[in-house]
Amino acid sequence: MSQPNSQGQSNLAKFAFNIYGTLSTNSSTPQSHEISPSSSLGSSRSNKQTNQYSSQETNNNRLSYYCEKEIMSLSQLNYPLSIGGYNGDLQHHVVIGGKNYLRLLCVSETQQRIISDINLLESKSIYNSRATNKLINVNTIKTYADTIAAGLSNGVVLIYRVSPNGQSKVVGKYSDHSRTINSLDFIDSENQLLSGSQDGTIKLWDLRSSSTKPVMTIQANLHSDPIRACQYSRHSAVRNKICVLSVHDSGALCKFDLRTKNGGKVYSPEKKWNLHTGPVLSLHIHPEKEYVVTGGRDKRISVFNYGDGQSRNTPDSLINTYGPVVKVRWSTYANTKEIVEEFEENQQPNPNPLYNYDIACSYLNDDPTIAIYNLGRKFIPKQIIHSKKPVQNFIWAQNNSKSRKIWTLSKPNSFNSYNLYGLDDSDVSRPIEDLSNVAMTWDNNNDFCAVSQARYDYDLESFGNAINETYEDNYDTERNCSLDNEEFVHSQANSLTASPIEKPQLTRSMTYNPVQSFSTFSPAPVARTATGFLQNEPVTPSSSSSIPNMHLSSSRPKLTRNTSQTTQDSSSSQLSSVIPPPSSSQTYSSPQYKRNQSSRCLNTPAYVIPVSIPVPSNDEYVFQKLSSESLVNIPDGFTLVDVCLINASVAASVNNNRTSQVWKLLAVSIQEEFESGSKLRRILGPETETVSKIPQEVHESLAKTNEALSSDIAKSNSVSSVLGNFVESFKSTSTSGSQFGKQNDKDDRKLQNKNSSGNLMDMINKASRNSSFSTTSFRLKEQERREHELRNTQNFRDENEKVSTHSKSAPISISSHPEDLDDENMSATNSAGLKSSPPSVGVSIPSTRTFSSSLASSPKSIRIMNGVNSNVARSQPSPPVQTWLKQRNFDVSNGVTMMGTSGLSLALKRNKTNEEGCEFVKVWKFKSLLRKSLDYAALQGDIIFCSTVALLFYDIVPDVISQFECLEWLSIYIEILQRKRLFVNAINVIKCATADIQEKLQKLYCSDLSLRFYCSRCQALLVNDKSKFSGKGEFGYWYCDECSRLQSQCVYCNEPCKGLAVTVGLKCGHQGHFGCLKEWFIEDQNTECPGGCDYQVI
C-alpha cells in the first residue's frame, strides 16, 4: 500500500511543477514603476519575495540585498538576459552561493536595484528531473558567458547553463576531487575549466566531453600541498603556451605549462617561487601584464613578474598590511577617470600599467574592512571600505560606465555595492585626506627628519622627467655664481669641527635653534630629484637665509624611496642646499645641478629636512643604565621603601641628582605614612603572614595606644603648624629678629645633638633600617616608643595646666644651652619639624609692635612637644591673629569672661580645621608628592621615571595614576625600548605590569614572530621540499636544496650545527657546537679561534 501512495504523491508533485513551474524562475518581472508587467500569480509572488529581501539606500543609491541563508561565494555573470520587458539590456548580474544557497540576482542597468532573483538549486538537470535537493555548501563560483561553475565543499563541481529568458539547467557534474574546491577558472572559453582543491591537485575538465574524468591532473609535489587559488594566464597565449599559476599552503607560487607529454599528469611545476612565509590565500593576475598579486597570512601583498624573461626570486613590489590577507584583486578598469578636487591637479594616466590599476584586499579573522592600494603610493591605502559586519568575499564589478565599484558579501547574509567614485559615501574613507602634509620622526641617534609633501604629488614620472630638463642660460648663471662663492665655501668648511661627518648649520628663516654654542650643526634641508640625487641650488652667503623661498619659481624635486636617501657620507652633500660644494671636480653640467622653468613644476613634491639637535641630557648610556637597573617591581625580601632607595642610587650613579632626590623623598614619605598609621602601610611589602602571627594582646595594646595618641598628636601638629607661621611672621616684622633667630639656632643645635637624624640622609637611613626589620619586632618597638611618648605627653600637659592656672604672669621659660650658633637666618621651623625631636623645647616669644597690647601684655609659658609624628613639612595654615581679635572683641561685648591667656595660646589650642569645618590636607602627603613628581617628569619628558612609578604604584594608588596615563607611558616606553633594541627590558616592562594593563599591552607588542631563513650562498629561501619528500633524511635550516650546500658547520668538527650553536667571536664570526668549543678552549686550554683566523678569544 505504501508504494502506490508514494508513487502517487511523486506524480502529483511532478504535475504541480509542470503547471506552476519554479516561482523564482517565472518571477522575472521588473518593478511596476519601470515597466508594466503581465499579471500572473507567479510574478506577483516573486515581487513580494524580492521586496522582502532587497533594500535600497536612498542616500548614496547603494545596492543592498539580504539573503535568508548564510553566503560565502560571489561572482558576476556578464550575459544579456531578457526578463520581462527587458530585451537584452540587463548584461551584468550577480551570482551568490552559500550553505544550501545558490541564486542569480538580475541587476538593473544602473546597478542600483535587484530586478529578479533566480534560485539555481531548483533548476532542471540532465541527470534527473530536478537537481538534487541535498544539503550542499557552495565554496567558490566562476562564470563565463552563459555558464556558471560552482565548486562545493564535498569536492563536486556543478555546471549550470543560463538561457536568455533566465531559466537555468544543470549540464555537468564532476566529482573527481576528494576535498573542498577552493578555486575555479575557465580557459579562453566556456568549454574548458580548471579546478583547484584542498587535496593538492589542479584538474582540467573538458565540458564538451561526456566523460566525467579530468583531462589532466596537476600536482605541485608528491605530497598533497593544499591549493588555495589557481588562475589561467591569458597573457601566455601570445607565445602559444597554456600557463596556470597556483598558490599553496606552503607559501609557494607555482607556474605550470599544460603542454605536457606525461600522459595527462604533471607532478612538478615549471617554476616555483617562495614569496611568503606561511600559507598564501589568494592570487590574481594583472589585466594587461604578466604580473601576479598574491596575499597571505604573513600580512603581505606581493607583486611579482612571472614572465619567462625574468630571473628574480623576490617580489617586484611589496605592500605590508595590518592583517592576514584572505582575498586580493586587481581592479577591472584602469584609473583613467579621477575625481578632481579644487586642490588637486588633473593628472594623466601613468605610463606604467602597474600604477593604473588598484589592488583591493580583504582580511582574515572577521575584519570588516576592505583596503584599496595603488603601487604609486603603496605605504598608505588609497581608500578603505568600512562595513558594519565582517567581510566574507568581494569582487570588482563590471559595468557599462566603467566606474570603480566593489561588490561585497558580509557575514552572515548581506550583499552590498560600494561606488568608490562617490564622495558622499560615509562608509568609504580616504586616509590620505586625514594626514598632514608635514610629518616627522626620530631615529635612534636622537636626530629627527621632517618631510613636507603635497597630498597628490607623489611619484609623478612626468615631473621627474621635467626636473632633468636643462637650460643652458641658467647653467652659465649658476656656475658663475658658484665660482664666486668658493672662498665662502672654504671658510665655512674650515669653521666646522673635525668630526668624520661635518654637518652645516640649519639656516632657515622659520627655524629656531636654541643651542648655538654647540659645535655640531644641523644639516641643511635636502631636496631630492626623481633619481635620488641631491638638487644643488647655489646661493650667495648673504641670501642663505632665504632658502625656504628659493623654490617659488621652480618646484622642489620629489622624494624617492631608495636606500641612498638615508645616508650622507660627505659634507659637500649636506651643504648642497646652502652653499656649493668646494671641490672643483664636481661636474656642474650634470642633471642634478640644473633647473627647469616649466609651468608643470609649480607643484611642490616631498621635501626632506634632516635635523640634528644636541641634547646633553639625552644620553644613550644613561638611558640604557636607568632602563636596565631601575627596579620596576618589588623583589622578594625587599619593601617598597627599599626599591625607592635602590632606584635613587641608580639615578645618582649617572649624575641624575634630581631624580635621585625625588626617589629618596618618596621613600621618606612612604615611611612617614607607615609610622602615622595610614592606609599605605600595606605598600611596604607582602608581610601579612608575619602580622597575623602577632599575639592578640599586642594588637589590643597597639589599638589602645593609637587611640590615646590620636588626640594628642592632632594637638601637637596644630601647635607646630601655628607656631611655625607665627614665628615666621614675627621674624619678618620684628626689630629684634636676630635675637630670636639666635635663640632658635640654639634650639636647633640642641635637637641635633640629642638625635642624629636631624637631616634628610639620617631620616632615610633610619627609614631603611626600620624597614629592613621584621614586622613583628618593628611594631613591638613602635609600641614601646609610643607608650613612652604618651607618658611624656601627659606630664607635659599637666605641667602646662599648672603653669597657666597658678602663675598667670609667669615669664616664658627659655631652655638654655651652653653652645651658641651664629647662623641667624636658620628657619624657626627646623627644630619643630624633625622626626625624632626631644619631648619639649622652650621658645622665647618677644613682644612686637605689630600685635595689640593685649596680645603682648600677657605672655605665657608655651612649651611645644615635637614628637615622632611631628614630621617634616607639616605646616597646615592656622587662623590669623585678626580672626582671634574679632572673636575676642565679640566675647567681650557679649560679657563672656575669658581667662587671661595670650592669643597665641588660644590659637595653638584650636582644632586643625578651616573656617568651613573641613580638615586641612597636607600638601606633602605621599599621594600629593607622587602626583607632583609625575607631572614634572611628564613635563620634562622623563619617560623612564613615569613608567617606573606607574609600574610600582599603579595598583597601590589608582586614584593618583589613571589607567589611561599608565597605558600611555608604558606604550611609549616600550616603543622606545624596542627602537633602541632593548628587547629584554621591553618584555620585562610588560611582565611587571598589572593584569589589566598587561592584557592590553600584550595585544599590541607581543605578536607572533615569523623567521625566514635564506641560504647564505645562493640567497634562496630554505624550504627544502626536495629533501623532505625524497626520503633523504631530516633537513632543516642548515641545508639548502637549491645549491646543495650546508649553511652552518662547526669550526671544530666540520659537522652541521643542527641544535645549539656557540659563536666564537663577533669579529671572526666562526661558530661551533658547545661541546666542541668546550673541548677546544677549556680542556685543551687554547686561546685562539679554532678556525685559523688567529683571533684571540681569551
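The backbone N, Cα and C atoms fix where each Cβ goes, glycine too.
Your range for zinc finger, going by Swiss-Prot and the list 126-169, 1006-1049, 1050-1093, is 1050-1093.
Between the repeat 'WD 3' (222-266) and the listed ranges 131-170, 176-215, 275-314, 367-417, the one holding the most Cβ pairs under 8 Å is 275-314. Nonlocal intrachain contacts for the repeat 'WD 2' (176-215), taken as residues 6+ away from its ends with a CB within less than 8 angstroms of a stretch CB, comprise 139-142, 144-147, 149, 151-157, 159, 221, 223-232, 234, 237, 242, 244, 246, 248, 256, 258, 264.
Broken down with DSSP, the repeat 'WD 4' (275-314) shows 0 helix, 18 strand, 22 coil.
Note: the repeat 'WD 2' (176-215) comprises 0 helix, 18 strand, 22 coil (DSSP; helix = H, G, I, strand = E, B). Across the repeat 'WD 5' (367-417), DSSP classifies residues as 0 helix, 27 strand, 24 coil.
Sequence-distant contacts of the repeat 'WD 4' (275-314), counting only residues of its own chain at least 6 positions beyond either end whose CB sits under 8 Å from a CB of the stretch, comprise 228-231, 233-236, 239, 243, 245-253, 255, 320-330, 332, 353-354, 357, 359, 361, 364, 373, 375, 1010, 1012, 1019-1021. Below 8 angstroms of C-beta separation, residues 25, 28, 72-83, 88, 95-102, 104, 106, 116, 118, 120-125, 176-186, 189-190, 193, 195, 197, 199, 205, 207 of the same chain, each at least six residues beyond the ends of the repeat 'WD 1' (131-170), sit close to that stretch.
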